[in-house]
Each structure stands twice: as structure tokens, then as C-alpha cells.
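Colleague: My questions will all concern the structure given below.
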Amino acid sequence: MKIFGTDGVRGKAGVKLTPMFVMRLGIAAGLYFKKHSQTNKILIGKDTRKSGYMVENALVSALTSIGYNVIQIGPMPTPAIAFLTEDMRCDAGIMISASHNPFEDNGIKFFNSYGYKLKEEEERAIEEIFHDEELLHSSYKVGESVGSAKRIDDVIGRYIAHLKHSFPKHLNLQKLRIVLDTANGAAYKVAPVVFSELGADVLVINDEPNGCNINEQCGALHPNQLSQEVKKYRADLGFAFDGDADRLVVVDNLGNIVHGDKLLGVLGVYQKSKNALSSQAVVATSMSNLALKEYLKSQDLELKHCAIGDKFVSECMRLNKANFGGEQSGHIIFSDYAKTGDGLVCALQVSALVLESKLVSSIALNPFELYPQSLVNLNIQKKPPLESLKGYSALLKELDQLEIRHLIRYSGTENKLRILLEAKDEKLLESKMQELKEFFEGQLC
């Protein structure tokens, strides 16, 4: 049975993520990390979901039962766990979060001792241990060999200092008025402190988590409220984070949502202008707009494509010796400062770019026009191989003949089919998207 999806393990808390399942997974992961153990410590953080307490306690019980010492640091962004795992010299880090999903869901993400997400072969190794009954039941420790757990509440200061270090020393944010939407999630404490300490005039919304309101009509998936607040407050910029703050959505001074591919383009060129790129390559996923590739080429930069998911972006960056890349969804990686997408690092770099451009953000963050794209997330009931659907091959052939770029795939974390189409003719695009929706609804819903 496959346990891991495209971003760790995710499911409905109490249904897939039961205490027994989480304990079993925790033991399996712990036994895997034990093979390369240096410090016998594992770090655990979480977002603000109510079910986080249940998942955390199950993981602590599992890990201490096989002799691991556990450090619990409470609600923190996913990139903070990646950073602190390496900074505090832990064997591994665990983030309890379902990212942008509703509060009923939860998830578990693992990081190695260097703060990187696990590779697929590492996840498969954990799955093999998960299904090995004899190994699991022979691994419990007794007496003094049982591990301990302690909660540390002041590590937030390390991450805040790290974030401030990523911001150019010759700049401050005193000239910027900024609205932050923390999605009632993991960034609700960190984000306001960082921007205030760097001098910004800050307004914060959706920073009162109650365990059930994470991502609820707010944050990166629902930036309309942020857009309204930016216009009302006459702010220079607005930043919306998702539940675990590894994703960023930017709103300009006019209240417009800045497309993720435009962010990748303008930030890549900005990094080049500072001689901060380690290579002439920028990494993005196969969902990126063709206009991004053309814009980067005009600036003597090469776009490298990879599979969808920020861990694949990170792997592709390492392979190409690149230190900048991301997804149009808002997962953007500055690997000099973060091993995974970090919404706060990205927000600070966007702020620096706007300051140094001496332009309003609606101009500074609008470097090129995009080709028309349409993205639909279709709720489905089943996930058979797409190639097995009657008429699917003919459908793709027709799209190719019409020069419509297409990317059709199942979500790795939800029961959804993601359909992306891109073409120069917007009316044709809309017509074909409707045809595709009807085709897949008839066979998958």
C-alpha cells in the first residue's frame, strides 16, 4: 500500500490519520532515521489545526518508544522546521500540516538532517518498514533506553533572526505599508514580528487561529479579502500565506493578485541583477506559462522544467546547481536561505525588489504578459489510469493539433483532477476546457 503522496502523508484526521496509523508511521520513520542517526533527536512542529495535538502525541509516543528523544516546538511554518532541523542538529524534522487543505485534514512531512524533504526512494523505504510487522514489534525499547520528549517555546527567535538575515542589510521596510494575511495558520506569530522589526507599517488579518479556521476563506487560496484590505488601507503590498506558510500569494498596490509566473520571472531577473544567482538557470514546473520561458530567455536566463511539487523543484535546482526556482502556485525557493518553499523569505525578497526598483508594485511586478491559461480542479470519485479512459488519446491528439498546451494529472493529495490548458486564442481555450470538463465528469465523477 502506498502511503506517501506528492507532499508527505495527508488525509482526513481520524479517518486515514488515526492515532494507530500515525504511531505506526512514526515508528517506521524513526527506524529509518535511526540507520543514519547522529544525535538521536527529532524535531516536531505543526500548524494550527485542532487535530495537530492528536497527531503530535501519537508521533511522540511512537518515536520515544523506539528510543528517540523528541523536541516539540509548537506552531511554526514548514520552512522553519526545515531550517531548525539542520540548525539544531537533529536527525530529522517532522511537520504536522495539511498545508492549504481544510482544517479537517492533516498531514505529516518529513525532513532529513539537512532540512531537505525526503526523496521518493526514502519514502519507499519507510513504507517497507511500515508493512514489516516483525520489525515494528521488535523495536520497542525498555527501561533507560526509552526516549524522552521536551517542549521548547523560544526557538521562534532563531527562525526570526534567520529571516531577517535573508533581507538585504542596506535596506529597511520603513517606506512600505504592508498587509499580511496569515490564514489563521502557522505564520500568525512569526510574520508580523519580522515585518514590524524591519520597519514596515503592518496591518495583519486572519491571525486568530482557533483550531478550526485555518485557510477558511482566507490566506493564499482566498486572497480576495487581502486585495480589499490593500486597497482600503492604501498599502504598497499585500502578502497571503497558506496554512503552513510555505506558499505566498502577492497583491500589488492596486489590489491585483500577482501571477506566480510573473513573480518567478521578475524575482529571477532581480537575483541576477544582484549577481545572486549561482547559475544562469531558473527552475519551474511543467505548469509554468510559456511567456515565462520567453521572458527569461530575453534576459539571458534559461528555464529548467521539473515535475510538479516543491520537492521536485528543489531536487532539480540541486541537479542544475541553481539557487532559485519555484511553482506558479506560490512555492518559491531561495536555496541560499531555505531548503523548501518559504513564503516569508519570498515576501521579504519581493519587498526588497519593490524598494530597489523605486516603482509602485503594480509596475515593478508586472514584467511581461502571459499567454491565456485555464486551470480547473475537478472533484472526482475515482482515479483510474488516464490512458485507460475511452477517447482520452484522441482528445490529446486534437489538443496537439490545435496547438493547445495541456497538462492533465491527478492531485497527489486530494480526490481531484487538475486540468491546465494554454493557448494563444482565449475563446478556443475556454471552449476546449468545457469539453474536457464534460469528458472527465462523465468518466470519473
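Glycine residues also receive a Cβ, built from the backbone N, Cα and C atoms like all the rest.
Okay, these came from Swiss-Prot:
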ACT_SITE  Ser99  active site, phosphoserine intermediate
BINDING   Ser99, Asp242, Asp244, Asp246  Mg(2+) binding site
MOD_RES   Ser99  phosphoserine
Colleague: So which other residues, same chain and not among Ser99, Asp242, Asp244, Asp246, have a Cβ within 8 Å of the centroid of the Cβ atoms at the Mg(2+) site?
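Modeller: Not counting the recorded site residues, we get Asp47, Pro77, Thr78, Ser97, His100, Gly185, Ala186, Ala220, Phe241, Gly243, Ala245, Arg247, Gly341, Gly343.
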Colleague: With every protein chain in view, what's the tally of Cβ atoms within 10 Å of the Cβ of Asp244 (Mg(2+) binding site), excluding that atom itself?
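Modeller: Excluding its own Cβ, the number within 10 Å is 34.
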Colleague: Can you tell me how far the Cα of Asp246 (Mg(2+) binding site) sits from the Cα of the residue listed as 'active site, phosphoserine intermediate', in Å?
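Modeller: Counting only the Cα atoms, the answer is 8 Å.
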Colleague: Please work out the number of neighbouring Cβ atoms within 10 Å of the Cβ of the residue listed as 'active site, phosphoserine intermediate', leaving out its own Cβ.
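Modeller: So the Cβ neighbour count for the residue listed as 'active site, phosphoserine intermediate' comes to 28.
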Colleague: Test of understanding: give the count of other CB atoms lying within 10 angstroms of the CB of Asp246 (Mg(2+) binding site).
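Modeller: Result for Asp246 (Mg(2+) binding site): 34 neighbouring Cβ atoms inside 10 Å.
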Colleague: In whole Å, note down how far the CA of Ser99 (active site, phosphoserine intermediate) lies from the CA of Asp244 (Mg(2+) binding site).
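Modeller: Each residue's Cα considered, Asp244 (Mg(2+) binding site) and Ser99 (active site, phosphoserine intermediate) end up 5 Å apart.
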